[in-house]
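See structure below.
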C-alpha cells in the first residue's frame, strides 16, 4: 500500500490534505455542494476550470543553486514533455538505465523539492510515495516521473495548468503560479495485491484516493475528481482473500457512500445526469435516508424535467430533516416550476384541441340552460298526450 515516510502537508504537491475535519452542516445551499469531510477554508468561485491558454514561452530555468553546472543551463537539454512548452524536464543526474523506468500502476517513491519562479521553496519531502498514473499527485509530477530512471535526479518546470491552476494554494502558492520541481526517483515497485490487503489497509488506501478527488473538486477539475472517486470505489469493491471484521466492513461501506455522494456531485457539475442519478441510487440502496443523496437525486430529476418525482424525493428528504433550509428553498423552487410547466401544457393542449375560450363556453352553457326547460316541458306534454290517446283506444276496444 502506498505510503510516505514523511506525510506532506495539506494541499502539497505530493497529496491532498487529510480531510478529517467535522462533517459539514446542511444549513445552506452551498453545503450540499461541499464534499464529505472536506474543510471549508475558502469561499472561492470554482465555476471555471483552470486556464488552458498557452503561454508565449516556458518559465525561465531556475538559478544555479538549483542544480548545477553550465551544461544544466543549456536550453537544448530540456525535454518538452507535451510538445506545448508548458511542461519541461531536464536530467541533472543520470539514472540506472531506461529499463528501470517505472510503469503506470506501480508505487514510486521520490525525493521532492518544489519552488516558485522566484526560488521560494514551497514544499520538500525526502520520501514521497504514490501510485503512478492514478493522479495522486500534481499532474506535472505524475506525467514526468514515468520518464525518470531509478536514481535519476531531474528538474521539472511546469505551467500552473499542471500544478495548482487558477486556484493556487493558500497561503504560499498564488493563483496561476508556475512551479519548478526537483525530483529524484528513489524506488519503483509493483503495487500491493488488493486481494491481500487487510480491511484497515483498504480503508486507508480508498480514503487517500477519495481525498485526492476532493482536492480536484476544489480545483474545479471535475473529470479528475471523478477519476479519483472511481479508483477508490474499485479498491473498495475489489475481491478479497482476507476476512474483514464487522467494524471494517462498516468503515468500507462508509467510505463507499462518501465516494458515491461526491461522485454524484462531480457528475452534476458536468451535467452527466444519468450517471449522477445512478450514483445517488447506489447510495440510497445502502442508506435510504441519506440526505445528500436524496437532495442530489431531486436536483437531477428536476434537471431532467421530472418535477413531480423530484418534488416527491425532496419531500421525503424534508421529512427526515424538517428544519433544513436548503431543501425548503429547492422544494419551493421546484413547486413553482412544476406549476408553470402545467400551465404551459394546459394552454398548449387547449390550442391543439381547439377548445373555445372560457367566456364562450360560459355563454353557450347559459344558452343551453335557457333552452333546456322548454324542451323538457314539451317532451313531457307529448308523452302525456300519447298516453291519453292510447288509453282512449283501449277503452273503445273494450266497449
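We count from 1, first residue shown onward.
Note that Cβ sites are derived from N, Cα and C of the backbone, with glycine treated the same way.
Feature annotation from TrEMBL assigns region 'Disordered' to 1-75.
According to TrEMBL, the feature compositional bias 'Acidic residues' maps to 28-47.
Taken from TrEMBL, the feature domain 'PPIase FKBP-type' covers 105-189. Look at the domain 'PPIase FKBP-type' (105-189): DSSP puts its residues at 10 helix, 40 strand, 35 coil.
Per TrEMBL, repeat 'TPR' is recorded for 291-324. For the repeat 'TPR' (291-324), DSSP puts the residue distribution at 27 helix, 0 strand, 7 coil.
For 375-397, the entry in TrEMBL reads transmembrane segment.
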